[in-house]
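**Student:** One structure coming up, written as structure tokens, with questions to follow.
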Amino acid sequence: MPNGEIKEFHIAPMLDVSTVEFRYFMRLLTKRAFIWTEMVVAETLWHQSNQKGVLSSGDDLELEPDLKRHCGWYEDQYLNPHPVVCQIGTNDPKQAEFATRVVHKLGYDRIDLNAECPSDRVAGREFGAALMRDHDTAIEVVRAMVDTAQSTKSDNPIPVSVKTRIGVDEFDTFEHLEGWVQRLVDAGCTWFIIHARKVYTQGLSPAQNRTVPPLNYPRVYRLLQRFPSCDFWFNGGIMSLEHAKQVAFGYTGVGDSDLIRETSSEETDCIDDDHTVPCQRCGVPHGSCIAPPRMSLPNLKGVMVGRLARDHPSELATIDSHFYGEASDPCKNRRELMENTATFVASFVLNPQ
């Protein structure tokens, strides 16, 4: 990779896609990428534990099989599931605390709070994207997660991140985004996955919320400059492995030539999210800008894809070699991929964990 720089590739199609079977399928394609669970509802874990009588304090938590299943955990003797991230959804600090303990004890590498999902199933419970409109509740939840993660009996506390968007409904300015992130930082969170679109909590379906709001990469880059001591991962509009590499490592002038238009050598990276339509740098209409930076900022730690993994999984067959610089990729051909997937699915259905 450029100058030996290491970035992360995250795979997260999320709700109704990132099932155990899908994640196993993805892990056959890549040993290096981080693979995310579906959003795990913390309330479900809480009630499941109450029903089983396994609620406890500290690290002496009993992990019942149903608790593992509801948390999306699986184990396989032939394939290492790591690195893997568990994302939770909640607006309750106590439930967030309990979910963090469960996720940590199961062995997940990281835990994330969803503060951007516009699904009706989520919005009706006042979490997901609703947290972007209720900062006080979000801060209490994040603080509970961070405090719990840091208090676990481990030399390596599980990192806590927040996945959010650049705006919500009428709150669509950099100043509002800056204030939102600052409050999360004050609560102890310094890791953020930023979806480069605003979200509408009403009027658009989840699918429309992934395509209708314009992409605004410059606003994300500006946010990275504003918070140099925080770590960020970039999400939104990445529809090829080459584009992902350019967003993560910076535009080198080679690769997908249609991602960015050549400009004068004097032009620097634009960090102003007010620009012409169509964008003069990338040519995208509808107010979007998807131009990758010419030089990657040091606190941009990687990228995340969702629809690319869902719709074109074969595109990701060369993540390890093309993105991470490995000598080879784990999966040799499609037949091997499908046979191994079928074997796991059959075993998982017959012997659910």
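Positions of Cβ are set from backbone N, Cα and C atoms, glycine also.
All annotation found in TrEMBL is predicted automatically rather than curated by experts.
According to TrEMBL, the protein carries these features:
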DOMAIN    11-248  domain 'DUS-like FMN-binding'
BINDING   Gln87, Lys163, His195, Asn235, Gly236, Gly237  FMN binding site
ACT_SITE  Cys117  active site, proton donor
**Student:** Here the binding-site residues are Lys163, His195; which one has the lowest number of other Cβ atoms no more than 10 Å from its Cβ?
**Tutor:** His195
**Student:** List the same-chain residues at least 6 positions away in sequence whose Cβ sits under 8 Å from the Cβ of Gly237 (FMN binding site), in sequence order, or say none.
**Tutor:** Ala196, Arg197, Leu215, Tyr217, Ser288, Ile290
**Student:** Mean pLDDT across the domain 'DUS-like FMN-binding' (11-248), rounded to an integer, is what?
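**Tutor:** That stretch averages a pLDDT of 91.
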**Student:** Could you state the CA-to-CA distance between His195 (FMN binding site) and the residue listed as 'active site, proton donor' to the nearest Å?
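**Tutor:** On Cα coordinates alone, these residues lie 10 Å apart.
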**Student:** If you measure Lys163 (FMN binding site) to Cys117 (active site, proton donor) at Cα, how many Å is it?
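**Tutor:** Distance between the two Cα atoms comes out at 9 Å.
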**Student:** Which residues, sitting 6 or more apart from Gly236 (FMN binding site) on the same chain, put a CB under 8 Å from its CB?
**Tutor:** Ile194, His195, Ala196, Arg197, Leu215
**Student:** Identify, in sequence order, the residues in the chain of Cys117 (active site, proton donor) that are 6 or more apart from it along the sequence and have a CB within less than 8 Å of its CB; answer 'none' if there are none.
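**Tutor:** The list for Cys117 (active site, proton donor) reads Met14, Leu15, Met39, Gly89, Gly128, Ala129, Pro206, given in order along the sequence.
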**Student:** If one looks at the chain holding Asn235 (FMN binding site), which residues at least 6 apart in sequence have a CB under 8 angstroms from its CB?
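**Tutor:** When sequence neighbours closer than 6 are ignored, Asn235 (FMN binding site) has His10, Ala12, Lys163, Ile193, Ile194, His195, Ala196, Val303, Met304, Val305, Gly306 within Cβ distance under 8 Å.
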